[in-house]
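Enquirer: Dumping the structure here so I can ask a few things about it.
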Amino acid sequence: MGKYRIRVATGDSLLAGSSNRVQLWLVGEHGEKDLGKILRPIQIREVQLEVEVSLYLGRLLLVKLRKHKSLVGFDWFCKWIAVQGPGTQGEAFFPCYRWVQGNEIICLPEGTARTMRDDPQNQFKKHREEELEERRKLYRWGFWKEGLILPIAGNTQWDLPRNERFLEDKDLDFSLSLAKVLKDLALKGTLDLTNSVRRLEDFNKVFPRGKTPLAEQVRNSWKDDALFGYQFLNGANPMLLRRSTNLPSRLVLPPEMEDLKTQLEKELQTGSLFEADFSLLDEVKPNVIIFKQQYVAAPLVMLKLQPDGRLLPMVIQLQPPRNGCPPPVLFLPSDPPMAWLLAKTWVRSSDFQLHQLQSHLLRGHLIAEVISVATMRSLPSLHPIYKVVSTGSGGHVDILQRATAGLTYRSFCPPDDLADRGLLDVKSPLYGQDALRLWGVISRRYVEKMVSLFYKSDGAVKDDPELQAWCREITETGLQGAQDRGFPISLESRAQLCHFLTMCIFTCTGQHASTHQGQLDWYSWIPNGPCTMQKPPPISKDVTEKDIVDSLPSLHQARTQKTFIKFLGRRQPVMVALGQHKENYFSDLGPQAVLKQFQEELAALDKEIEVRNAGLDLPYEYLRPSMVENSVTI
């Protein structure tokens, strides 16, 4: 018996409040009290109530709520509810951070994270089961194409659960910005259809105003071999380069190129030979755009690492050898300048294709979707890991299917991936340096400390059925049986759990940022990353500037590429940086202290990268913690 003070917080977005009345219940160890329809959460960020309760409820376990609609139902975004009264030992905190819709009863457990082992009296067992049952109805696996990982069910954003859509401020910014760029594209793009590109300089017509300093450097230096090689280390797609362990079997060296073979073998012996192989694009069906056939190549690039850290191309083979056909032409730096430039441009176009489909879409967005759906289906909101993690023509399908077949667990973990690609001991990959440092901060300063708070032994990990179900849901269901590529189907130790968790968090934050943020820098100058090629790959070295211009996108295609690169690559005005989320899912002091230390470590790393970049001609910004979004949002 006694008086309870209740504070209710509504979200900050434009339409977070509701004029509908909300009914509340307090649920304690010794009973439950219906407080009635005491709340109308109109757009006021916090409401405070005081109620007299005639029952002794004991320690509060849950707050239940139901929104009643009158003539019209208005959704309400509830951030949290806090209760102070008899048996609460201070103020009990009940996190929500979701939309309240319809008139179903929603149960909010107190914010102390608990595994099933931490609930020996099964006080929350029914709540956990009912929450997951309801979530599995709402978050259903969909299907797109055979051989691809599973998406969430739904065809449009309106098919998604309300809590997975953008909040109004971000949705409004996204919609208005998209409408503006589409309007500009329609106006200017129509004129482009009557104009043609005659010289490389004509691409200045679509070079964006308000361009980034790095984009300007790319435009001025895109023909340089050093910048060409640099992009494999630190460009928009740093995921393809690997150290050579032998000369690739597809590289056919004719007898007259014995000197080149000797050079390649020398670099191989000293460990300075690297390769970028685009075989994933081999025999992919190209698109047809406005009745004009487009073309795709599958290049192989061999590069040497100089003592000063520069990575320079040695030879380019644009297509694999074919039975019954002459060996493919090999392009060299000593070739006529236009022939060598066209070969490099083909490589840049191929890199654009794999970057967008493999590195960005598949390894960023689609994997994050699997992790998110599996989390919502397998981990109740009480679970500590839920609170840690909740953060063309058909040719594109062929590429995604092939790329999916090659997804390995190690490739999502920078320490393993960089080791497998022979880049751990190379100093010039700034992506590699920053990825390792960010991985380390996430792992050692956040994940390991959080896990140690809730799992005191390896046995506690093995004996957590919700955790094991989550792992299986990701590997067996979402990733369609990826255990044969190293993904775990069970978690047997705290170390294994920490590694898996760090992989999930890094993939959805740093890894996505590394392939998303560089688009405006590296693709604003169209010849450095053409979205398509309009002529077949060259089979001779008799090349003119006109051959290059005719191969590159039309002015209309170039403007379309620039428009969407500028739109998607812009810094989001509603952006939450890694570790800076405002939601407070934990009520206990231990996790809050871990998060605070994590934020301090991120700030220190951010400053270190800022200082380093100040002394570089080409600063690498994409993995600065202040630039990395807290989730995959666009």
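Including glycine, each Cβ sits where the backbone N, Cα and C put it.
Taken from TrEMBL, the feature Ca(2+) binding site applies to Gly17, Asp75. TrEMBL lists His360, His365, His512, Ile634 with the feature Fe cation binding site. Residues or ranges marked as domain 'PLAT' by TrEMBL: 2-114. The annotation domain 'Lipoxygenase' is assigned in TrEMBL to 114-634. If you look up TrEMBL, you'll see Trp99 marked as site 'Essential for stabilizing binding to COTL1'.
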Enquirer: Spatially speaking, which of the recorded positions Trp99, His365, His512 is closest to Gly17 (Ca(2+) binding site)? Use C-alpha to C-alpha, please.
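Expert: So, of the listed recorded positions, the one sitting closest to Gly17 (Ca(2+) binding site) is Trp99.
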Enquirer: Give the residue counts of the domain 'PLAT' (2-114) per reduced DSSP state, in the order helix, strand, coil.
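Expert: Taking the domain 'PLAT' (2-114) as a whole: 0 helix, 66 strand, 47 coil.
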Enquirer: Looking at the recorded positions Trp99, His360, His365, His512, which has the shortest Cα distance to Asp75 (Ca(2+) binding site)?
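Expert: Smallest Cα separation from Asp75 (Ca(2+) binding site) among Trp99, His360, His365, His512: Trp99.
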Enquirer: Could you state the whole-number distance in Å separating the C-alpha atoms of Trp99 (site 'Essential for stabilizing binding to COTL1') and His365 (Fe cation binding site)?
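Expert: Cα to Cα, Trp99 (site 'Essential for stabilizing binding to COTL1') and His365 (Fe cation binding site) are separated by 23 Å.
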Enquirer: Asp75 (Ca(2+) binding site) has how many other Cβ neighbours within 10 Å of its own Cβ?
Expert: 16
Enquirer: Across all chains shown, how many C-beta atoms besides its own are within 10 angstroms of the C-beta of His365 (Fe cation binding site)?
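Expert: A count of 17.
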Enquirer: If you count Cβ atoms within 10 Å of the Cβ of His360 (Fe cation binding site), leaving out that atom itself, what do you get?
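Expert: I get 23 for this one.
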Enquirer: Can you check which residues sit near His512 (Fe cation binding site), meaning Cβ under 8 Å from its Cβ, same chain, 6 or more apart in sequence, and list them in order?
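Expert: Correct list: His360, Gly364, His365, Ala368, Glu629, Val632.
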Enquirer: Could you pull the average pLDDT for the domain 'Lipoxygenase' (114-634)?
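Expert: Summing pLDDT over the domain 'Lipoxygenase' (114-634) and dividing by its length gives 90.
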